[in-house]
Each structure stands twice: as structure tokens, then as C-alpha cells.
Amino acid sequence: MALTLPNVPYLNSGIPGLLTPHAVQIHVTKHHQGYITAANNLLKGSPFAGKSVEEIIKAADGPIFNNVAQHFNHSFYWECLTEQKKGISEAVESVLTKTFGSIKDFKDQFLQKASTVFGSGWVYLSKDPSGGLVIKQYANALNPIKEGGIPLLTVDAWEHNWYIDYENRKAEFFERFFDHVNWSFVELKFKAAGLI
Ligand SMILES: [Fe+2]
């Protein structure tokens, strides 16, 4: 089955205080759609046709991996953001505090990693294969699934994510990011990963 864009609830509204409608629309309908179109063309007639996105990410490399992984990364990222401000749930806060010392320490570490990705990539909070929580940088299209981890929260550290609204002021985008995280989605991921 061909890959398609997910529903992005704030496609037309943008995320007030973080991203304008124009920036969201270009990112979703041009960048993300571009990866989907390329992936569908590459998958046609390949040994990966009909496989799940996760199976392809684990087994493929080269252009098929890059485009399918970018489809996953973006779909996951859209879910991590919300136009409605939501507070962090107590259950998630307690797990993060146990691992990172405090929510402030967790946010500081996540943003430090996000703002220092050199070139293009992603930062993920994930459950690593040994069961621990880790914040890691991933170059280009890579993500935790490739190494057997479970993604819990991500931010797009490609320049196209902020350049339309913030130009070279990358730090400003990341300073605002945590005010717009969809903690309900993150909580679902924590539950599915058996963390709460
Ligand atoms: Fe992106």
C-alpha cells in the first residue's frame, strides 16, 4: 500500500507561538510529501514493497531507507507537537525525573542535543534496547528504530524546520519547542513501551 501523509490537525492553523501556518504547510506538503513521493516510487517493484515502515527502516539502506525513514520521522514529529498547550502528565514526569534528575535537566539535555546537531538530523528521546531512556542525535534520516529502540519524543533538527519562521535564529525555535509538545502523545508512547 502506498505511503500517504498523515492527518496533521494544525496544518491550516499552524502552532501559534511556534510555527506559522505557512511554515507548517511547506514542511508537510512539500518536504514530507517529497519523501513520500520518492519512497513510493522507489518501493514499487522492490523487495520492500508491501512491508511495514518499521520493517523497511530496519532492513533497508540507501535511498529507500532515507525516504521511508524520513516519512516515519516526520509523521512521528507531527504527533509530538500540538496547537493546544498541554501540561506534562505526572506519570511521564516521574519517569523522566527518575532518569534525568528533574524535568528541567531533561529539557536542558534534550535541547542541548537538538541545538547542536551538525548538519541535518533528528534528536529522539527513546527507550534503548537495554530498556533505559536515552536522548540521542541521529544524522540525516536515522532514528532509534534502526537500532532496535522505541521512539518516545522527537524534534526535527533539519534547517527546513525553522528557517521559514526563524531564519538563522535556531535557538529561538528550540527555546519555544517544549511549550508546544503533545504530552498526551508522549504518554501513549511511554505506555506502549511499558515505561508507565
Ligand atoms: Fe523536516
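Residue 1 is the first one shown; counting continues down the chain.
Each residue, glycine too, has its Cβ placed from N, Cα and C.
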Of the candidates HIS22, HIS27, the one that TrEMBL places in the Mn(2+) site of HIS74, ASP156, HIS160: HIS27
In the three-state scheme derived from DSSP, which category covers HIS160 (Mn(2+) binding site)? helix
What is the total of other Cβ atoms whose distance to the Cβ of ASP156 (Mn(2+) binding site) is within 10 Å? 27
Going by DSSP, how much of the domain 'Manganese/iron superoxide dismutase C-terminal' (90-187) is helix, how much is strand and how much is coil, in residues? 51 helix, 22 strand, 25 coil
Where's the emptiest Cβ shell within 10 Å among the binding-site residues HIS27, HIS160? HIS160
